[in-house]
Amino acid sequence: MARYVFITGGVVSSLGKGIAAAALAALLQARGYRVRIRKLDPYLNVDPGTMSPYQHGEVFVTDDGAETDLDLGHYERFTGRPANQQDNITTGRIYRNIIEKERRGDYLGATVQVIPHVTDEIKNFVLEGNEDYDFVLCEIGGTVGDIEAMPFLEAIRQLGNELPRGTAVYIHLTLMPYIPAAGELKTKPTQHSVKELRSIGIAPDILLVRADREIPESDRRKLSLFCNVRESAVIQALDVATIYDVPIAYHKEGLDSEVLSAFGIDPAPKPRMDRWEEVSHRLHNPEGEVTIAVVGKYTGLKDAYKSLIEALHHGGLANKVKVNLDWIEAEVFESEDPAPYLEKVHGILVPGGFGERGAEGKILAAKFARERKVPYFGICFGMQMACIEAARNLVGIEDASSSEFGPTREPVVGLMTEWLKGNMLEKRAAAGDLGGTMRLGAYEAVLKPDSKIAQIYGSTDIHERHRHRYEVNIDYKDRLEAAGLNFAGMSPDGVLPETVEYADHPWFIGVQYHPELKSRPFEPHPLFASFIEAAIEQSRLV
């Protein structure tokens, strides 16, 4: 039977509930337990697919094509377990399901209400499909006190009563701010947050307290007294240098032991922390460093590229180097010469994105990398812009563009309407709902045996995750290849270009998919490991 850990947050948002959940899951895994993590998001959107990156950050795509919260990326990276559509629910999906049931008559004429219908739908989501797991961790998005979160908090309160005794534990993540004028940490915000949570009917078993300095024993006793938790269950969560130090830090503070104790599991299997210690050692003891320019559209909010950032650091781990990121807004290159920005970097990465803004700047970045022989990694939109650059400057198609930017006589990049998914042909209407017109999830690609990318993968058959509406137009393939841009990877039916590369360039690869979504600290994605390796070689030339 699965045991449930419900993780809530208080005082302020962005405390790191997702990292906390992922770290705890990793610690339980290290003890040999089978763990699943689920995210409950209170917003009314059906999924984050159409939300602005500045509002939400990255949209993390799973193998089965779900557009989910970026925390699921942390879950995958920390546990190695691929997430799926059933690991993330939103208020929007809950209400959509309920309205569909009401229209079908499933409620037999009953008045549909938040309690019991909404809360029952949430509980069903939490409990479904957990037969193969020892622990299920449920992170509740938002902050205690948010009106949007009330149905979710009520649902997990009910579950605490309905589940067998001893199979549900509540962890509350809070903040102890330091007040310089007083020269001390303050417990009152945490006390009020717990009071709010208790007023809903949830009594936390464990307090995980964020702080930027050691919490005095007197403050721990104070929190224990006023929040009605054991003193040993007041766990300090101090700031650490990297997110991959969090599992080690939480283990030293006794979080995993306290959770197991709350479930009455004693003695518990000892954890194996060696691989986390190895990752931490490599991060803190690099043998060199490289600088990668990320020429993007949403550089004002780094969370928009969360998986990309982590994958680059994984590439650094594979090569035992520190990876420094130089963030460049692509629009800058539309009014300024790229050379002063790019001459000192050791690699250029143009990530995915949507829309015309910044496109010309990304094209200029691809041109600089091609002409100066600087390692270039184009992902999704970055591959498309590299193809447009080649069409303009190598093939001589001056009007080469993308139909995403408006009508064009030379659509080197165009809207997809159909593609193969396994043996089935999937179709999308261009006029359909914005959230349902993309190629989403894991798809197969076939690589040329003699290509550089096949050598990097060590295989000619790969499966990678996609999130795009537009694709390089195969009608331009022959002319681009004649000019030197090799279409090294194609969809199994040979219709959709998946990867491109230059044979005469040290490292210039574009991919239509998002390899960053499958990178792990213990298993760096081969493309990122190879890209950083090429950047190391470039660093010796700069």
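Heads up, residue numbers simply count up from 1 along the chain you see.
Any Cβ shown, glycine's included, is placed from N, Cα and C.
Sequence-distant contacts of H514 (active site), defined as residues of its own chain at least six apart whose C-beta falls under 8 angstroms from its C-beta, comprise V61, S307, G352, I379, C380, E464, R465, H466, R467. Summarising the annotation, Swiss-Prot assigns active site to H514 (among others) and lists sequence analysis as the type of evidence.
Look at E516 (active site): DSSP puts it in a helix. Around E516 (active site), the C-beta neighbours below 8 angstroms that are at least 6 residues distant in the chain are S307, L308, E310, A311, I379, H525, F528. According to Swiss-Prot, the feature active site maps to E516 (among others).
Around the Cβ of K222 (CTP binding site), a 10 Å sphere holds 18 further Cβ atoms from the protein chains shown. If you look up Swiss-Prot, you'll see S13, D146, I147, E148, K186, T187, K188, P189, T190, Q191, K222 marked as CTP binding site, on the strength of sequence analysis.
When Cβ atoms from all protein chains are considered, those within 10 Å of I19 (ATP binding site) total 21, not counting its own. Residues or ranges marked as ATP binding site by Swiss-Prot on the basis of sequence analysis: S14, L15, G16, K17, G18, I19, D71.
Residues or ranges marked as domain 'Glutamine amidotransferase type-1' in Swiss-Prot (evidence: sequence analysis): 291-541.
Summarised as a single figure, the pLDDT of the region 'Amidoligase domain' (1-265) averages 95. Taken from Swiss-Prot, the feature region 'Amidoligase domain' covers 1-265.
Rounded to a whole value, the Cα-Cα separation of G16 (ATP binding site) and T190 (CTP binding site) is 16 Å. Ranking the binding-site residues I147, K186, K188, T190 by Cα distance from L15 (ATP binding site) puts T190 first. Sequence-distant contacts of K17 (ATP binding site), defined as residues of its own chain at least six apart whose C-beta falls under 8 angstroms from its C-beta, comprise I7, T8, G9, D71, E139, I140, G141, L173. Looking only at other Cβ atoms within 10 Å, the busiest spot among the binding-site residues S13, S14, T190 turns out to be T190. The most densely surrounded of the binding-site residues L15, I147 is L15 (count of other Cβ atoms within 10 A of its Cβ). T190 (CTP binding site) sits 15 Å from S14 (ATP binding site), taking the CA atoms of both as reference points. S14 (ATP binding site) and K188 (CTP binding site) are 19 Å apart (CA-CA, integer value). Straight-line distance linking the Cα atoms of I19 (ATP binding site) and S13 (CTP binding site), rounded to a whole number, equals 13 Å.
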